[in-house]
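Contents: one structure, followed by commentary.
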Amino acid sequence: MIKAPNIILVGPMGAGKTTIGRLISQSMGKEFYDLDKVIEDNAGADIPWIFEREGEDGFRKRETQALASIVESDTGDCVLATGGGIVMREENRDILRENALVVYLYASVAQQLYRTSKSTHRPLLQTGDPRATLKKLFEIRDPLYRDVATLVIETDSRHPRSVANKVLDAIKRHLKMEITVS
């Protein structure tokens, strides 16, 4: 059997990283981590509180520390769902590229808005115009997600199980390709 590396999911808010991550970790028999939950557990506080007290920069520093800690301690043995802004720091992009098979779960701005419309735990969306915020974030982050991604999977209008199966199939194809190419 082919041993898969760490599988790290990146993408915007509402792409389904946590839901899909749980499903594929169960199928692959790997440990699952939600990076935001790890950060909250380490800080003893929730993300909105961290943003309020330390600002986005303080949160991003915690995010880098948590990411590095997970990939170093469980090399080849986990599925990790990241926060939407993981790609904003070059250091994080380097860690992602060097330590994992990175899956970009693509979601359009319209889909992101639909999926996040009822959420109160997304500090960056606590604005008068969430659509404009999501559009701006997408324009900045989409090229960065693509830069670190090994695989890109579209999630718009798809059921989580369907997306998870698509991710698993793409991972299998990718790993077979890696083995046959020498």
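Any Cβ shown, glycine's included, is placed from N, Cα and C.
Remember, it's a predicted structure, so these values are computed and weren't measured experimentally.
Around the Cβ of THR18 (ATP binding site), the number of neighbouring Cβ atoms within 10 Å comes to 19. As annotated by Swiss-Prot, ATP binding site applies to GLY14, ALA15, GLY16, LYS17, THR18, THR19, ARG122, with the evidence given as sequence analysis.
THR18 (ATP binding site) falls within a helix when secondary structure is assigned with DSSP. Residues or ranges marked as Mg(2+) binding site in Swiss-Prot (evidence: sequence analysis): THR18.
The substrate binding site annotation in Swiss-Prot covers ASP36, ARG60, GLY84, ARG141 and is backed by sequence analysis. The local packing around ASP36 (substrate binding site), expressed as other Cβ atoms within 10 Å of its Cβ over all shown chains, amounts to 22.
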* Asked: Cβ within 8 Å of the substrate site's Cβ centroid: which residues qualify beyond ASP36, ARG60, GLY84, ARG141?
  -> GLU63, THR82, GLY83, GLY85, ILE86, VAL87, MET88
* Structure fact -> Note: in the chain of ALA15 (ATP binding site), residues six or more apart in sequence with C-beta under 8 angstroms of its C-beta are GLY84, LEU105, TYR106, ALA107, GLN112, ARG115, THR155
* **ARG141 (substrate binding site) versus THR18 (ATP binding site) - Cα distance in angstrom** => 18
* Record lists ASP36, ARG60, GLY84, ARG141 as binding substrate; longest Cα-Cα distance in Å? -> 18
* Structure fact -> One of the binding-site residues ASP36, ARG60, ARG141 has its Cα closest to the Cα of GLY16 (ATP binding site), namely ASP36
* Counting only residues 6+ apart in the same chain, whose Cβ is under 8 Å from the Cβ of GLY14 (ATP binding site)? -> ALA107, GLN111, GLN112, LEU113, TYR114, ARG115, THR116
